[in-house]
Structure formats: structure tokens, C-alpha cells
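What Swiss-Prot annotates here:
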ACT_SITE  Y135  active site, proton donor/acceptor
ACT_SITE  K163  active site, schiff-base intermediate with substrate
BINDING   T47, I205  pyruvate binding site
SITE      T46  site 'Part of a proton relay during catalysis'
SITE      Y109  site 'Part of a proton relay during catalysis'
Amino acid sequence: MKELGRLITAMVTPFKKDGTVDYAQAQKLALGLLDSGSDGLVVVGTTGESPTVTWEEEHALFAAVKSAVGNRGKVIAGTGANSTQEALENTLKAEKIGVDACLLVVPYYNKPTQEGLYLHFKTIAEATKLPCILYNVPSRTITHMNPETVIRLSQIPNIVGIKEASGKLDDIAQIINNVRPDFTVWSGNDSDTLPMLAMGSYGVISVASHLVGNQIKDMITSFVSGNTEHAAAIHRHLTPLIRSLFVVSNPIPIKYALNYLGVEVGGLRLPMTEADEKTAALIRESLKGYTIDLPIK
């Protein structure tokens, strides 16, 4: 679904000092991201600490961000779960709230078969009118969704695309070659954005775009318009920053970077911990080489 945008930011969830969700800051951050290159936002995905945000908090975040954003950008709700019934109920709630689409992660921990994955996503998609984006991230879920399963799911009309974070470029090429023409493939890894564009993907669901959204947008736009040398130069320039943002588990580095730059997003909920000094020093050093696109207010 091309209208969801080429550059989508997987937003962090801001917390107050007491650990509660800071909905006002989430709204402010959402608008800042749209002002710095993002076409849309994933709310309460991996970067938004979905495992430790309650359903009630999720729904309130969906509503708060959508209220702030309005028609300025697309709001994609992270509604996935490793229980099909819970994911279905969460998706239906997000639909009632009025989000633009949902992101459904491959079920984690319980290790379903490929047929189980197919039936999981099919069951949810057929129960909602929302556009559904699949999310393959085996580094976190253990289970890898095979290309054949994605291709099969792409025949369901409101399964509109996939966030592909496996890093398996051969599998991704197979997906792009065999899905229906309007099925959209986004990179789920910032470092894979340009290589995947070269293979025919559409864009990226990004973490680094919290900081350098305009530059990532320039890279994508340049590639699409045929200025591949400029796109490649941006990719090479951003690579050290991207590497520093994944030196430990996401969203630890990006939350540290935002707080360090003056964008108050608070800490993390256990079992995630804040960046240690070695990690923090590496991120601070990396940031010195970059212009930050996000408005700092």
C-alpha cells in the first residue's frame, strides 16, 4: 500500500520520570518526526517497547498520536501478539480508534509452523478492514516466515505489505518477485534500506529516522529518481550512525540519543535497561558527525 509512505518511523514510547506513558510527549514527538521526513509512524512496535506496554496504554497511545497527527501522516498501530485471539482483539480495537493500518509481528516464543503463521495472519486480516502489514523479524521472534508463506498471504486483499527485517536478501528477492503488484515491501533494518531499494522494495520502517529522517528521505527519493550515486553517498555517510544505534538492543541506543540531544523520552521499562557508559560514550561520539533533522524544542 504505497499511500502509507516510503519512510515510516518506528516511534519510541516516551515515559515520564515515574515510568508512566507520557502521551503529550508522544504527540509532540510524532509531529516532530513528520516535520523531519517521515510519511507515517508505527506506534508501539518493537522500538515502542510493545512487550512492556499494556493493552490499555497501547490503545491510549494509538488515540493520542492519531489525534495529534490527523491527516498529516499515517498512523500504523503495532497490534501483533503471539496469541492470535489477542492480536485480533487488539487490531479490532485499533480499528475502532481510527488508525490507518496495523503492523502484525510474527508470533514469538511459541514457534508456530508456516501453516500456523498463515492461519494466524489470515484470521486477523479477515476480521478487520484495516490494511495489515506483516512483520518478519526472526532475530527477535526466533521463527522466520518463509517467502512462500508471505507470497501466499499476499493474496489476501487487505494484507498490503511486509516489514522485512530478516536480512535474508535472497528471500526478500523471492518475495518481491512473486507477490501481487500492489503488495509493498519495506526494509525493517536501516542498514538494508538501499540494498533492498535496489532489489525493488518501496522504503523503510526506520529507527534512525528519529534523528536523520530528512537524510533518509533524501536517500530514498534520490534512488527512486535515478540519482543512485547520491543515494549511495548518503547510505555510506549514515552507516556509522546506524551501526551505533544498534550496538545493543533497540530501543536502548535511540532512547539514549534522543534524551542526550534534549528530546525527553524517558527511560525504559524492565527488563530493558538504559545505556551503560561504554554504550553512551560510543553514541555520543557517533552523533558528532551528523546533522540532526528532528526539531529539538
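Each residue, glycine too, has its Cβ placed from N, Cα and C.
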Coarse DSSP state, helix versus strand versus coil, of T46 (site 'Part of a proton relay during catalysis'): coil
Number of other Cβ atoms within 10 Å of the Cβ of Y109 (site 'Part of a proton relay during catalysis') across all protein chains: 8
Count of other CB atoms lying within 10 Å of the CB belonging to the residue listed as 'active site, proton donor/acceptor': 27
Nearest recorded site to the residue listed as 'active site, proton donor/acceptor' by CA-CA distance, among recorded positions T46, T47, Y109, K163, I205: K163
Secondary structure at Y135 (active site, proton donor/acceptor), reduced by DSSP to three states: strand
Close in space, distant in sequence - I205 (pyruvate binding site), Cβ under 8 Å, 6 or more apart: I8, T9, A10, V42, G45, L103, K163, W186, S187, G188
Integer Å distance between the CA atoms belonging to Y109 (site 'Part of a proton relay during catalysis') and T47 (pyruvate binding site): 19
Pairwise CA distance, T46 (site 'Part of a proton relay during catalysis') versus Y109 (site 'Part of a proton relay during catalysis'), rounded so that it is a whole Å: 15
